[in-house]
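This report refers to the structure that appears directly beneath it.
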Amino acid sequence: MAGVREWLSGRGRPPGPFRPEFWRSPLRGPWLTSVFGLVLLVGLPIVALTGLVSYAAYNPGLPGNDMTPSKGLLGFYLFDWPTSPVWLYRLTQGTHVILGLTLVPILLAKLWSVIPKLFAWPPFRSPAQLLERVSLVLLVGGAVFEFVTGILNIQLFYVFPFSFYPAHLYGAWVFLAALVVHVALKLPRLVTALRSRGFRREMRTGLRDTRPEPPDPDDLVAAAPGPPSMSRRGLLAFVGGGSLTVLGLSVGQTMDGPIRSTALLAPHGRDYGPGPNDFQVNKTAASVGVTAAQAGPGWRLTLLGARQVLLTRQELLDLPLHTYRLPIACVEGWSTEQEWTGVRLADLARLCGVAEPGGVQARSMQQAGFFNQVSLSAGQVADHRSLLALRVNGADLSLDHGFPARIMVPNAPGVHNTKWVRELDFRVPS
Ligand SMILES: Nc1nc2c(c(=O)[nH]1)N[C@H]1C(S)=C(S)[C@@H](COP(=O)(O)O)O[C@H]1N2
Ligand SMILES: [Mo]
């Protein structure tokens, strides 16, 4: 017990990782930490901003779309999501996911480089230092939380006891706030540390000439460093190589053509059978309980407007049809562009007596689940490329791609392209 009292008074230290001699890598030091820090300083804000953009793309202001109804002030920046350019969400969300994955090895390396600080003893020496450590808990905790929830979500492991959307949004703001504090406190040291050693010279220094950095005020450099088993250049190559491997195995899922088959890390596999419908499926009909019988000859599309109109699929095919190349860009980062044919949403609005639709609510035959309905804005309905699609690449939609009919809106997040539509409700005030 005497020991514990001594530790708490700051005179002694608990054993193990709380002792400086425990951490022996001669590579840890402010320069190394700053190299990883600089990469994250450029990359993480891009991941955070594209993530916030993704939330805006959901048009959470429209009824039924908001997955984080209690967002409070955090939605201050939301704006009406545009339909042009058609590739914008494909680019922002692809960047969010692929860059996020690519930064994982860098983030881990950065955490490794500062891990002795986690065990600093005494836990704090002054109120200012206590505040700094609390901000670090929020920074590291926020980053780890965002990466873990994001990665689990793209791999469809819905294992959290909370909803992904609000959690990922709240986590992003906690992380961003902590990042601002951290950068304000550490930027001068980052600059000094990076200037303390030339990057090129470090790249020419092999294992034999690898020495610890000089002792630093932050105690990143080991007190009693062991002999190096790797040069700094070797460590940077290892971490950078890991990053590039992740990038190389995932970036293909944002592209079409042969390069797509390189995306070994893409979720949902890569083979969807032969023919025009051979492209990525998010949820199959079977997985959400939509049957071929429901989609058969008995299916009717209901239009709700100034009057109610029922249409068979043949009646829809007899209306003016239009064909556009439009992407499906999933929140999970994968995307693909296909050629869709269908009836303009604006034409369907007119058919049920709504000349200037204030928007539409599309409802699916799918009974349960988050994605069985969507609200689209007036601007989205008015775009001439916004379709109730019936065909893709010249063939009827397959059941898994939404037969008999699905929404296709330019630049909308994939989840808004509702499949197996049964009802379009244009009774939305403009
Ligand atoms: N009814 C319904 N529509 C849906 C979904 C769904 O689960 N149910 N998934 C959405 C999501 S998340 C995406 S990315 C696209 C994917 O379309 P695809 O499976 O045809 O590629 O469909 C959207 N439409
Ligand atoms: Mo999606």
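Our numbering is plain: 1 for the first residue shown, then up by one each step along the chain.
Backbone N, Cα and C define each Cβ position, glycine as well.
Here the compositional bias 'Basic and acidic residues' (204-214) has long-range neighbours at 26-27, 29-32, 196-197, 220-222, 225, 228-234, meaning same-chain residues at least 6 beyond its ends whose C-beta is under 8 angstroms from one of its own. The annotation compositional bias 'Basic and acidic residues' is assigned in TrEMBL to 204-214.
According to TrEMBL, the domain 'Oxidoreductase molybdopterin-binding' annotation covers 298-426.
According to TrEMBL, the region 'Disordered' annotation covers 204-224. When DSSP labels each residue, the region 'Disordered' (204-224) comes out as 3 helix, 0 strand, 18 coil, counted as helix, strand and coil in that order.
Marked as transmembrane segment by TrEMBL: 31-58 (among others). Here the transmembrane segment (31-58) has long-range neighbours at 65-68, 75, 77-79, 81, 89, 92-93, 95-96, 99-100, 102-103, 106-107, 109-110, 113-114, 143, 165, 168-169, 172, 175-176, 179, 183, 186, 189-190, 193-194, 196-197, 199, 202, 213, 220, 232, 235-236, 239, 331, 411-413, 415-416, meaning same-chain residues at least 6 beyond its ends whose C-beta is under 8 angstroms from one of its own.
The transmembrane segment annotation in TrEMBL covers 97-115 (among others).
Residues or ranges marked as transmembrane segment by TrEMBL: 136-158 (among others).
The list of residues near the transmembrane segment (170-191) in space but at least 6 beyond its ends in sequence, with Cβ under 8 angstroms from a Cβ of it, reads 30, 34, 37-38, 41, 44-45, 48, 51-52, 68, 74, 132, 135-136, 138-139, 141-143, 145-146, 149, 218. The feature transmembrane segment is assigned by TrEMBL to 170-191 (among others).
When pLDDT is averaged over the domain 'Oxidoreductase molybdopterin-binding' (298-426), the result is 97.
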